[in-house]
Structures are given as structure tokens and as C-alpha cells.
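Below: the structure, in C-alpha cells.
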Protein chains: 2
Amino acid sequence: MTALRPGATIGILGGGQLGRMLSVAASRLGYKCAIYEPGGDCPASHVANYHHKAAWDDVEALTAFGGACDVVTYEWENVPGTALDVIGKLAPIHPGRRALEVAQDRLTEKDFLTGLGLRTARYRAVADAAELRETLAEFGGEGILKTRTLGYDGKGQVRLSSADEAEDAMDAMGGAPAILEAMVPFEREVSVIAARGPSGEVVAFDPGENVHAGGILRTTTVPATLSTSQRTDAALLAGRILNALDYVGVLGVELFVTGTEMLVNEIAPRVHNSGHWTQLGCATDQFEQHIRAIAGLPLGDGARHADVRMENLIGYDMDGIPAILSERGAQLHLYGKAENRAGRKMGHVNRLIG
Amino acid sequence: MTALRPGATIGILGGGQLGRMLSVAASRLGYKCAIYEPGGDCPASHVANYHHKAAWDDVEALTAFGGACDVVTYEWENVPGTALDVIGKLAPIHPGRRALEVAQDRLTEKDFLTGLGLRTARYRAVADAAELRETLAEFGGEGILKTRTLGYDGKGQVRLSSADEAEDAMDAMGGAPAILEAMVPFEREVSVIAARGPSGEVVAFDPGENVHAGGILRTTTVPATLSTSQRTDAALLAGRILNALDYVGVLGVELFVTGTEMLVNEIAPRVHNSGHWTQLGCATDQFEQHIRAIAGLPLGDGARHADVRMENLIGYDMDGIPAILSERGAQLHLYGKAENRAGRKMGHVNRLIG
């Protein structure tokens, strides 16, 4: 792949905060961005050259978008395949379809990971309450029932600790195909943000340690509490996933750490919330790294020059902004969302620590 | 001044690279930007929500722009006063008119600085070749003749080392009012980037050490080679200028260091090329600091967590980009200018050092 020429246009499917920060990173490398997003006044459109505001099934708009872009990427793994079919005839799309297929379905994802010899929580697709009760018993009476597709930030998930809850849990799935995952008594959750270029080079950022609350990421701290060999293992494991998918771009890998083992929780075929700390800690952040990869430029080195804790600002955390603005060593990132509500990611703050 | 509400629109007069980086910084704080720039496809428009493409004397367009903005700033100190008159009736403009008046005329600037008790190079307005020869003799036979207004990056300047050159030098001014400045045998040039908020708080970044070539800044290195007391003096001096101008925003102050003395070379009422290093070295960079000030938010702390050297990429320096992309610890910033030419600032690179 030859490198994308300066001044070329990068298409981004989805207009949320990840698209916003990708667009800013693309500008640093001299590229323009076009956002495809049905919603108006979306976060990414504020800092992009073009906004194609149209529905995901608007073939004419998708065609115009594909024709106007030199390369296309996405900030959201649930872009409909039909939309990608239209665009893909007009411009290369990175990461490729295989990565999306794997990430869009929890069952496919787990089968892919275990097929690579990586460890995950025990899992099984369950079709009805009877099957759920049976699997639950096998998994020690506990588990998390998840929709196979379209879940994020804890949505489409029910935690079960008794067989009595099986009927209600299946009802909560609303008829969507579901998968039961065994509970993992993990000590900590970490994630690795890694990138792969079109020529196969792989670069991983230092793993971050994540704390969730209510199914939503609250903080990521770097460095994570890991041994040197765990750090290396995490990077190697991410590289293995990237290579198996012939991946181009940045990938997020969430890992459960239990004793000496690391289990893969899930992968995200895009820049990831747990990689936002790189904006303050690295010369090349995850957003620029993704743009470098899909543009066929050399990847940045991934080295970290500062210890950082990233904290998400969710819903009414926004009330804390005046205090954050007065803090030393705090870097605020707001997403420009017009409407605030409980549970909505409104921004994040990166803090120098240590 | 109450803080600008999230989602408000900041107007930026001028669409070059400084406007581009200001727009990105404003987005981090949740603001939208509107660019006023006569040229199409300008660097700032790529990452701004709105681009008002109109001439500086288009009263209708200026009125529409002023009406659409909650606060207005500029990335260029030569915005015509008539344009500011129109906009100023519709939205507050920061920094204010006094700062522009001072910075737009080298004679007014020097009189202002010496009036504050600060030292500058010896200077005198010269009206013709005879007066130039006479002043040159008084300044030791050497000096730099500069147009009083509209000069930048060494343009509108002639260096003289003999009275014989007086006629040609005056001719080069093309009839524009001119000022002769004595040569300063300085050891180094440093600059201080400092900010002042509407309530009068002042924060200075660490001084950077500048190297120029052909009248254009080549590199800024932080920390500069200065004693602790020189560092303090530089910050105090910048604070004095900011207070005297009742300034709101970021100001750049270029200083000549000679022995224990510091002479002010010039001031720029805006973010400054020699402050680009803050993008890699500080949690709050100069662009965000400027936006904080004009938005009435608390200023960032200005602390530096990394040593950085900034190098400008001028004209055919762009040929070095593939190599820069492969460097460790290098952060590239391209400005998205469609046309390259000798002497044009196309981008810069911030490098971690030490």
C-alpha cells in the first residue's frame, strides 16, 4: 500500500466522540475528514471538513460518501454490512470486514479467540430459559447473559446469580440471540491498545488498568499493576489477534487478569475508550496511530513519556468541570454533545500522576 | 465575566495554522468554532464547524459572523480595524483593541514597552535616506530597517551595515513608514508565552529558546539556557505587559538575552509559533490556554512535564516527513496547506528530548 497523499480525504462512519478525536488526529497529519452520520450537530462534525448527514440505508448518500473518500474507517463496530457493501466498492475500508464480523457477534468473537488458543471466560449460546438454567448450573450457578449483537457499555446484559432469574433474564433479551458467559473472579481488568499497519508491523501501547462501574468504564490508569512478563504477554496476545484478522488500524483488547493468567474479555475493532490516556502520555496517541495505519504511514512508536490516569465524565460528572479546569496537570476533553443525560459519556479528563 | 457556556461558538479571524490549532483546542473544551477567512480551503476551516468565506471589507458578512459568535478572537494581528469595528458591536473581541494597536505598529510597540520601563533595542522612526544615514551613524553604523506595520517572518526588513546602503534600504520600504532598530549583540533569543484571564490572573509557560534562519523561526527548545532568576524575570516581564494592556488571551514575547539583561524584541497579541512545543510538553497547551482565557475559564497551570524541541517545517522541509514519521518521540503537526512553496510554514514537529 502506498501512503495516502497529503490533503486526501478520510471517511469516518459514525459521528461520536471517537470520530471527533480521529478527525483531529487526521488533521495533524494533513488529511481532511468526512463524517457519515445520520444525526445532525454530532460531535465529529464540529471538527471535520465534511458531514454527510444521511441514513445508513440511503444508497445515494453512501455512494456519494464513498466516492468522495480516499479511505474509509469507522468509529462504531455496528455499521450495517449493507452500508459497507456500497462504500466498499468505491473506497478501501479499514479495518476489514472480518474484524467487524468477529466483533459484531459475541459468539463469533469468543469462537475466534479460543480458536487462536487464547483463553476467554466459559461461554455458551443459550436459546431459551431451560438451556440457560442448565448452562448456569454448569457454570457454577452464576453468569452474565448478553445479547450476541449490538451491546455496549453494559447494555443488553443481565447478571444472574440464581436459576430462578432465568425466565426474567431471557425476557430481558427481547428475543435476541443470547450467550451466557461464566463469571471470572478476576483481580483486575487491563486493556491493550495495539495497531497494525498494512505491511504487517504491529505496535502496542502500554497496557492500562481499567475500573468499571455500572458496566461503563470509569478510569484507566497507566502503568497497570502487571509484571514485566504480563506486559509482554498482553502485547503478544494483541499482536496475535491483529495478525489473525489481517487487521489494519487500532484494536482494543480487554483482558481479565487472574493470577498468572490473562483471559480475553472482548475486542473492539477501533480506537477504544481505555486508550484515551495516550493523548497525554504519548507523542503519538491512539487516534493518530489509527490514522497512520489506515493511511499506510509508518506507525508511531507507542512509547509512553508520562504516567496518566484517564477518567470518564459521564452524565452529571459534568458538574465537576469547573473544579477540573482548576486542577494542575489535568487535560480535559469534552465531546460537544448538546444534550446531557445519566450514563452518557460527555467527556474525559487525562491526569498526570505519580 | 461569566464563563462561556458549553456549546457556544467562538469566532476566529484568520484561517491559517494558528486558527486551525485554536479550533481544535476549543473543541476539547466543548466549543464550536467559526472561521472568518477570505481564502477557501484554508487550514482552519478543515477542523472548524463554520467557515465564513468573505472579504475583510464585506460588512454584511462581518455582521453575520459577529452575530453568530459568542466571543471573537484572531490568529493574525493585522485584521483591519474597520472589520473589528463591525464585529465589536455584536460580540466581545479578545484580546482587545489596545493590544492590536500596539502590536500593529513597531514604533507604537517600542514606545509602549520603553514606557513600561522595559528595555528594547535602540530605535527611531526614519522618514528618508538622510535621516536613516544619520541614525545609522548614531547606532554604530549598523541596524535593521523595518516597515512600521505589516511585517512578519523577516518580510519588510533590511539589514544595513553601511551608510551607502541607506538609499536602497529606503527604496525597499516602498514609501511605507519605517523604523531603524540598532543591532543587539545577543547571546540567545528566548520567548515567553503567557496568558491573562479576564479577572487578571496571569500564567506563563517556561521560556523557550529560539533559533531563526532567514528571518523565520526554525526551532524552539525548552528548557532554554537561562538562570532561575532570568526565568522568573522573563515571566514577570510578560505579566507586566499583559497587565498594562488589560489583556485577555495568550501573548508571545520575544526577548534578546545579553549578559544579565533581557531586551524585548517584539510582542505578538496571539498564540505564537514559539509556543507550539506546549502541545507535547504541557497538559494545557498554548492554544487551549488562549481559549480558556477568552472563554473566561480558569487558566491551565502552565507546568511542563517533558523537555521538547519544536522544529518548523518550512517549504521543502516537507520532503523529510517520511523520516519524521519513523522517528521515536516525534509528534508531527501538518497544516493541510494545499500549496507548498519556499519559505512557507507547512507544519512543525515536536520532539521529546533529553
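A Cβ is built for glycine as well, from the same backbone N, Cα and C atoms used for every other residue.
Per TrEMBL, the features are as follows:
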BINDING   A:ARG106, A:LYS146, A:151-157, A:181-184, A:GLU189, A:HIS212, A:265-266  ATP binding site
DOMAIN    A:110-295  domain 'ATP-grasp'
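Each of the binding-site residues A:ARG106, A:LYS155 was scored by the number of other CB atoms within 10 Å of its CB, and the largest score is that of A:ARG106. For A:GLU181 (ATP binding site), the number of other Cβ atoms no farther than 10 Å from its own Cβ, over all displayed protein chains, is 21. Computed over the domain 'ATP-grasp' (A:110-295), the whole-number mean pLDDT of the model equals 94. A sphere of 10 angstroms centred on the C-beta of A:ASN265 (ATP binding site) encloses 19 other C-beta atoms.
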